Amino acid sequence: MMNEKNYKIVVEDDYPKSNWDIFKQIIKRSLKGELLVGLKITIGIFYRTLFKNESATVHYPKEKLPLSPRYRAVHKLLRLLESENERCIGCGLCEKICISKCIKMDTRIDENSRKEVLEYTINMGRCIFCGYCAEVCPELAIVHGQRYENASEQRAHFTLKEDILTPKNSLKWQIEYDGFGSVSKDADKKIKKTPLSY
Ligand code: SF4
Ligand code: SF4
């Protein structure tokens, strides 16, 4: 418990009382070098950064910090590696589960009676990167990529299907994701073949 005996009384009786006193205090402190201490530190850091390459900061955007493989940024729509077809089958699950209601898609049935995804847009101004769309996708078609530079001048800004779909000529760089929901390495062996008659 504190009582008066524990208090230390600080006596400050050398406050400058006039402009002349202030001037004298400035000169006294300057001559003691206090003014130059900060400058010395600044010049030291400047020298180490410029000549010894010991920069403490990342030179963004030329340099970027490494991202975790689990980092979830702007979405990607993937293709099948073998056939190069789009993985998305237009089931609409991602659109339905999205809690921000920011996915919109347009589909049609093509001449082969297959569903074709005509448009697929995500309003990045609304997306909260919750990952539900990627988690619910039965085809592993939509995933989160690592592109985080999606600043915009407008609150509502959209990624279009062509912005996030893997181009065919970049398919060899498409990353396949391990982990929950991904295809296991022995998936082919596990698959149950449909009998021809039953
Ligand atoms: S990450 Fe979440 S909010 Fe963003 S599009 Fe997917 S489901 Fe919607
Ligand atoms: S859940 Fe997957 S397959 Fe279904 S519409 Fe969305 S991206 Fe396409």
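Glycine residues also receive a Cβ, built from the backbone N, Cα and C atoms like all the rest.
As annotated by TrEMBL, [4Fe-4S] cluster 1 binding site applies to Cys88, Cys91, Cys94, Cys137. Here TrEMBL flags Cys98, Cys127, Cys130, Cys133 as [4Fe-4S] cluster 2 binding site. Under the heading domain '4Fe-4S ferredoxin-type', TrEMBL lists 79-108, 118-147.
Shown here: features listed in TrEMBL, placed on the structure.
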| residue | record | CB count, 10 Å |
| --- | --- | --- |
| Cys88 | [4Fe-4S] cluster 1 binding site | 24 |
| Cys91 | [4Fe-4S] cluster 1 binding site | 17 |
| Cys94 | [4Fe-4S] cluster 1 binding site | 22 |
| Cys98 | [4Fe-4S] cluster 2 binding site | 20 |
| Cys127 | [4Fe-4S] cluster 2 binding site | 18 |
| Cys130 | [4Fe-4S] cluster 2 binding site | 13 |
| Cys133 | [4Fe-4S] cluster 2 binding site | 25 |
| Cys137 | [4Fe-4S] cluster 1 binding site | 21 |
Query raised in the report: Going by C-alpha positions, which of the binding-site residues (Cys127, Cys130, Cys133) is nearest Cys94 ([4Fe-4S] cluster 1 binding site)?
Result: Cys133
Query - Distance from Cys88 ([4Fe-4S] cluster 1 binding site) back to Cys98 ([4Fe-4S] cluster 2 binding site), taken between C-alpha atoms, in Å - result: 16
Report summary line: What remains of the binding-site residues Cys88, Cys91, Cys94, Cys98, Cys127, Cys137 after requiring a CB under 6 angstroms from ligand 2 is Cys88, Cys91, Cys94, Cys137
Query raised in the report: So, by DSSP, how many helix, strand and coil residues make up the domain '4Fe-4S ferredoxin-type' (79-108)?
Result: 5 helix, 8 strand, 17 coil
Query raised in the report: What is the three-state DSSP composition of the domain '4Fe-4S ferredoxin-type' (118-147), stated as helix, strand and coil residue counts?
Result: 5 helix, 9 strand, 16 coil
Query - Local confidence of the domain '4Fe-4S ferredoxin-type' (79-108) - pLDDT mean - result: 93
Query raised in the report: Near ligand 1, which of the binding-site residues Cys88, Cys91, Cys127, Cys137 are found, taking a Cβ distance under 6 A to any of its atoms?
Result: Cys127
